[in-house]
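Copied over from TrEMBL:
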COMPBIAS  1-10  compositional bias 'Polar residues'
COMPBIAS  12-29  compositional bias 'Gly residues'
DOMAIN    115-683  domain 'Major facilitator superfamily (MFS) profile'
REGION    1-56  region 'Disordered'
TRANSMEM  113-140  transmembrane segment
TRANSMEM  152-172  transmembrane segment
TRANSMEM  184-200  transmembrane segment
TRANSMEM  206-227  transmembrane segment
TRANSMEM  239-262  transmembrane segment
TRANSMEM  282-301  transmembrane segment
TRANSMEM  391-412  transmembrane segment
TRANSMEM  542-564  transmembrane segment
TRANSMEM  571-592  transmembrane segment
TRANSMEM  598-620  transmembrane segment
TRANSMEM  632-653  transmembrane segment
TRANSMEM  659-677  transmembrane segment
Amino acid sequence: MADPYQNNIYHQGGGDSYGTYGEGGGHDGYGYQADYSPQDEDAASDATEGHDEEDQMYEGEYQGIPHPDEVKAAQRAARAKDRTAGSAVSELEELAEQYEDIMEDCGHGRFQWTLFIVLGLALMADGVECFVVAFVLPSAEKDLCLSNAEKGMLGLVVFLSMMVGAFLWGGLADKVGRRRCLKVALAINCIFAFLSSFAQDYGFFLFFRLLSGIGIGGTVPIVYSYFSEFLQMDKRGEHLSWLCMFWMIGGIYASFTAWGIIPRYGWGFSMGTEFQFHSWRVFVLVAVLPAVSSLIGLLFMPESPRFLLENAKHDEAWMILKRIHDTNWRAKGQPEKVFTVTHIKAPKTAEDEFIEIQSATGTPIQRWAVRSLTLCKLVLRNVASLFSAELRLATLFMAVIWFCIAFSYYGLSVWFPDMIKQLQYEEYEAKVKTFHRERVENFHFNFSLENQIHIEGEYIRDKFISIEMKSVKFEDSLFEDCRFEDIRSTDTVFENCTIRSTVFYNTDLWEEKFIDCRMENATFEHNKHGCHLDAMRENDVLIYLVSFLGSLAVLPGNIISALFVEKVGRVKIIGGSMLISAGCSFLLFLSFSQAAIIVLQCLFCGVSAAAWNGIQVVTVELYPASKRATAFGLLNALCKLAAVLGSSIFASFVGITKAIPILLSFSALVCGGLVALKLPDTRQKILH
């Protein structure tokens, strides 16, 4: 059967270690069989399906403004001229220029938008992961009987595991493949996040969340590296910035679903006393859906052709590029356009030969061991190359910028809700009722006690039946011939009390709630074991509202950065946004109410989003393809380390002083903003 594309058979040089690109075709520098002019190549790059731009008049024609297609053709001709004139151009640089030409011919259309959604869901899953533990902790601490130290460890393990995952998967993605590593990382996240929802023990829950975090930690470095290699130069900054919006959508999704699910205590079930599945566990399951959706979508997406070319897999790369070209032009109503690339030069590295030679000998176990050891060495060598003379300065600058913004952003992200809780606590404490030397005899307490302090009281033959004690303190008091039955307590203590001939039946008043008390013939029967959920206190709606508003406030920053990242430039976006964010943090000195803190949080998050977007775009563009995911992974791991330090340091000053967190945040953002202004402009840089 005749193949309509039979004139496009891929050729690889017979005696060389790489295929050739640029022999014949009538064009200087690369092999195209021109059946359409450069003006036709991208004629419908931004048009909808079936739209025909040939019927439209270019509005700048009579103003002496060159048509965009003419500009592209001139740029391509200049690059081709440089290739033929400059003998010092390396094979990898030549591949980069040729690859850019090919992506321009493939256009931007349906294929990129489909990949955009799939990778966006993966980025959304990363955003959800950062919120899951914070949202479930108020319920999980009661369900799993967590101490303060265990709660702190659970919050810490999220960022530490993501730090490990970013470094691990980023390094592997440059050697094994972007798509392959992303699939494995998402699969690990899905499996262990699912298992964590059923874990009844703190140890298992911590272990499963640790592995889940290691999996999801690989998404950010891989997603940006992967998507950038399907974009042409003039669309790269804008569309990478739009992709960043999915992290915000992840925060909104997590806040909204937590708000709607966790307080619904009927959305669960139990199997005796050993297995409890409360509503917060339902939320953990729902939080996995973006990762599952992205994983399914990735099954239909190809590997990055740029990665394949870097690793001398020419035929696979050619087929994928042809698929991109045909998908886009068919969607634009021009299926007749033919993929005209015939030759691509792609060097075969010594690393490939080294692995092939070593993995071809020995038993299967030996081959696996040799292959794994060799892969580890190559990854570590790639990491070390980031500090070579060529990349040392760029890596140092980017490390400072990543650290500064992450330290401030995550530090303040913890500080904002903690400060709101502190203000609530101070307001609550101001309303405390104090009772001195009260004497109550033969009284039946059938109403709840809340926010009270009882000092030197005497309670004789009283009954406390089926009530809740919340934030109640009995100090230097006497209980004689009393009965406590079916009691639920929160933040309730008995300090320096005398308890005589008193019965405690089916209560959660354990030994640690009696501080320096004298027990005389006191009886404890059928004490409640384990912990219980407190629907009134543990799920304050404010925690969801603050996170929801903070995530939603990122939207303006995302839009502004996406629209202006090409016009204004990445460097100015990063530097300007970080300096403005520093000003926002300084305004926190003027915040004395919950409303003021929420407003400043929204302002800070919105401005910071533009800086984050610019940083991620520049990180992609500063490093060559063979080191891009590794560099992104290393810097993202540093970001998570800064998040741990920032959140820990800032939280330690809540209720003590707000001057130190504000000054630390201000100093870090100013430092990062000034360093960012020293970065090179990468707008017109071809991805190497």
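A Cβ is built for glycine as well, from the same backbone N, Cα and C atoms used for every other residue.
As the structure is a computational prediction, the values presented were derived from the model and not from experiment.
Scored on C-beta pairs under 8 angstroms, the neighbour of the transmembrane segment (571-592) with the top count among 206-227, 282-301, 542-564 is 542-564.
Here the transmembrane segment (391-412) touches the transmembrane segment (598-620). Their Cβ atoms form 3 or more pairs under 8 Å, with each pair 6 or more residues apart. Among the listed stretches 152-172, 239-262, 282-301, 542-564, 632-653, the one sharing the most Cβ pairs under 8 Å with the transmembrane segment (184-200) is 282-301. Sequence-distant neighbours of the transmembrane segment (632-653) (same chain, 6+ residues past either end, Cβ-Cβ under 8 Å): 155-156, 159-160, 162-164, 166-171, 173, 217-218, 220-222, 224-225, 383, 386, 395, 398-399, 402-404, 406-415, 418, 619-620, 623, 660-661, 664-665. Here the transmembrane segment (239-262) sits apart from the transmembrane segment (152-172); fewer than 3 CB pairs are under 8 Å, leaving out pairs fewer than 6 apart in sequence. Restricting the average to the domain 'Major facilitator superfamily (MFS) profile' (115-683) gives a pLDDT of 86.
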